[in-house]
Amino acid sequence: MVTQDLKKFSTPVFPFTAIVGQEEMKLALQLNVIDPKIGGVMIMGDRGTGKSTTIRAIADLLPEIEVVKDDPFNSHKSDLDLMGNEIKLAIQNGESLETELIKIPMVDLPLGATEDRVCGTIDIEKALTEGVKAFEPGLLAKANRGILYVDEVNLLDDHLVDILLDSAASGWNTVEREGISIRHPARFVLVGSGNPEEGELRPQLLDRFGMHAEIRTVKDPILRVKVVEERTSFDQTPMVWIENYEKQQQELRDRIVLAQKVLPTVELDYDLRVKISEVCSQLDVDGLRGDIVTNRAAKAHAAYHGRDKVTVEDIAKIITLCLRHRLRKDPLETIDSGNKVSKVFNEIFEIEE
């Protein structure tokens, strides 16, 4: 009863299915939710284009997850990669674990956050006097099995971005202080957003994001009017608005859950894998991250459409998102908008433009 009352008073979130346009950003977010191993998404675009609204909307859309009750790491009751050490010990000792359903964690990382706030801290005094590892979890612990959102990621300290990307890639966070070490699961979808006018990310950091979506302000006057009207209507009667979209929200929720189940069975033919690597090679992409992410994203896209085999159309839809930020570019150029990727893709896959 208390939980239901709290839901009534929680801040209403604009429905994901009601968002007009910005298909590239919406697709990238959905694919990362289907397969978090894609490695997150970097969203770059103009101010006021709905970046934050869309990211909060996808978190609100997702189904609840089962976690061990009162556990700071949102531990899974059976998956060893998603549980903290205390839960592992409890299972080894044969203790029964109480679980609860919670909404997917959506953690905002403020620009002024310190390393201790992000990673967590160890109480050295307690460790020395009482001999216990007293750990105060940080934002990475909170974000386990959820979404970690960094607005204006291009303005965040580089060493903090490094920490976030390392945790997102490995799924673990390690805190070392005064010879004491603590490790806990930190598997999350990392979503960064920013405005290119305020500065770019270093290429090494950009490369670590699985996908890169670019969004532009809507130019069509009729679409602009629609966006303004829908936002005004939502602000006036949010609960009515949310109820109107509940059916579409549930349909998309079911589709994402089904895609997550189908994903392990999706196949990508050897010939297509070779062609993906040919595209990466011809574009002179450094390293192999581009190949790996494109393979994963293509499988997630096929699963999203209910197929168990990747098609050329699946690859065509995602390859620009996966590669555009990995190209070597002239310092005077703005980041490649994807034309170069599309051109090489069409050549290698023999598609007429």
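Placement of Cβ uses the backbone N, Cα and C atoms for every residue, glycine included.
Under the heading ATP binding site, Swiss-Prot lists GLY45, ASP46, ARG47, GLY48, THR49, GLY50, LYS51, SER52, citing sequence analysis as support.
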Binding-site residues listed as GLY45, GLY48, GLY50, least Cβ neighbours within 10 Å: GLY48
Three-class DSSP secondary structure - GLY45 (ATP binding site): strand
Three-state secondary structure, GLY50 (ATP binding site) (per DSSP): coil
Other CB atoms within 10 A, centred on SER52 (ATP binding site): 15
Protein Cβ atoms within 10 Å of ASP46 (ATP binding site), excluding its own: 14
Greatest C-beta neighbour count within 10 angstroms, which of the binding-site residues ARG47, LYS51: LYS51
Non-site residues, in chain order, whose CB comes within 8 A of the mean position of the CB atoms of GLY45, ASP46, ARG47, GLY48, THR49, GLY50, LYS51, SER52 at ATP: SER193, ASN195, ILE215, THR217
